[in-house]
Amino acid sequence: METGTNSLHSLSCTDATKRRVSYFYEPDVGNYYYGTDHPMKPHRIRMAHSLIEKYNLLSRMRVLKPKPAGFRDLCQFHSDDYMAFLRAVTPENQLTRPRDLNRFNMNSDCPVFYGLFEFCRISAGASIGAARCLNEELDDIAINWSGGLHHAKRGEASGFCYVNDIVLAILELLKKHQRVLYLDIDIHHGDGVEEAFYTTNRVMTVSFHKFGDYFPGTGHVDDIGYDTGKYYAVNVPLRDGIDDQSYQSIFKPIMTKVMEVFQPGAVVLQCGADSLSGDRLGCFNLSVKGHAECVRFMRSFNVPMLLLGGGGYTIRNVARCWCYETAVALDTQVEERLPEDDYSGYYGPEFSLFAPPSNMENFNTKKSLEGMKVKILENLSRLEHAPSVPFHEAENDMDVDEEEEQNEEQDGEQDNDYDDRLSDDDQDL
């Protein structure tokens, strides 16, 4: 169990030591397919892995195949009826349960596809397993690029996300650490994670995101948490075209203050790559190096850190970014010229690891950024010191023994019994 002190190496962010890094990867994850016209492509994870392998980074890490999360694991956060629905629904039977599709927000953004529940189990299992490695002090940094699905809610899908692996990982980290910091650099607001911890002071959520007429429409600077969690939600709403220099001018001062006042025992960093320049759904202008600078900066505090994926819809840039951020986690230099692999055709004509930013206009003025920074720092200053909260060792409810897993397999009938509980229409399952 963590003591009252934190594990900060230095608030001046000197970074002098190597880190032990674990890397969670399931080879089948790239096979899952949301649909022809859907922007979310799990294939990008396989592309990133291929580059990581070709750069010889795997030999520098503990490479682990994740154990898929069990039903009980998922229900540590999600409602059991929602998880039972995900376990039961298929592309063939979905049209027999229209009310359930609506209830659980399954639509064109969150379609039912083949292997959906197994995909969720893989993503969540990897994040939970990575959190356990940090808790057991087996590693200093743990990586799961298939995770970071930050929009999923307790009882419904949202924004291409079905199971919130981040919340599940944070719950695991809270079994050891009194305080966990969640940091989100995806272009979309980390609404699902913020909502889950909005009233607690044991988790601080910090999100840098596009705000305005943009999904999910939440994350105003004045959204600061509630009740015991007041001032423990930090939102940094940004405008189109923000570049590396502008981003770091606000990111580093805010995160330095966060680390100073909150003093987390562990950090979860969601590295959504849709904040990169040229993203299919994005409108920021960050370079791969600028995006990775956030990882480098947070790494320098020498606090146990979980790195997760997230958004990112120009898949050649997603693969570049997560490969480079793996190298940053390892403090390893890599060549700019991409090594040849099975996906080299995606990266032409420059074949560079570092896709350059564009010349798009930056609508974030120095004045607006400075004003927002001052406001956020003032809110953080209200937290004079790290919260002193009662801490009790939590029972490890996420462990599911083999017998129970076998019982789950034998309980296929329960998936059909779900019809009786949710829909009168679904008796054909």
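Positions of Cβ are set from backbone N, Cα and C atoms, glycine also.
Curation plays no part in TrEMBL annotations; they are all automatic predictions.
Going by TrEMBL, these are the annotated features:
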DOMAIN    38-327  domain 'Histone deacetylase'
BINDING   D109, G159, Y313  substrate binding site
ACT_SITE  H151  active site, proton acceptor
BINDING   D186, H188, D274  divalent metal cation binding site
REGION    386-429  region 'Disordered'
COMPBIAS  396-429  compositional bias 'Acidic residues'
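Locations of recorded TrEMBL features on the structure.
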| residue | record | Cβ within 10 Å |
| --- | --- | --- |
| D109 | substrate binding site | 17 |
| H151 | active site, proton acceptor | 27 |
| G159 | substrate binding site | 21 |
| D186 | divalent metal cation binding site | 26 |
| H188 | divalent metal cation binding site | 27 |
| D274 | divalent metal cation binding site | 23 |
| Y313 | substrate binding site | 20 |
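Separating the Cα atoms of G159 (substrate binding site) and the residue listed as 'active site, proton acceptor' is a whole-number distance of 6 Å. Distance between Cα atoms for D109 (substrate binding site) and H151 (active site, proton acceptor): 12 Å, as a whole number.
In the predicted structure, the domain 'Histone deacetylase' (38-327) carries a mean pLDDT of 98. Residues listed for substrate, D109, G159, Y313, cover a largest CA to CA span of 13 Å. Same-chain residues that are not part of D109, G159, Y313 yet have a Cβ within 8 Å of the Cβ center of the substrate site turn out to be P39, M40, H151, F160, C161, F215, L281, G311.
Geometry remark: D274 (divalent metal cation binding site) versus Y313 (substrate binding site), CA distance 6 Å. Distance from the CA of Y313 (substrate binding site) to the CA of D186 (divalent metal cation binding site) is 12 Å. Within 8 Å of the centroid defined by the CB atoms of D186, H188, D274, the record's divalent metal cation site, lie the Cβ atoms of I187, H209, K210, G272, S275, L281, G282, G310, G311, G312, excluding the listed residues themselves.
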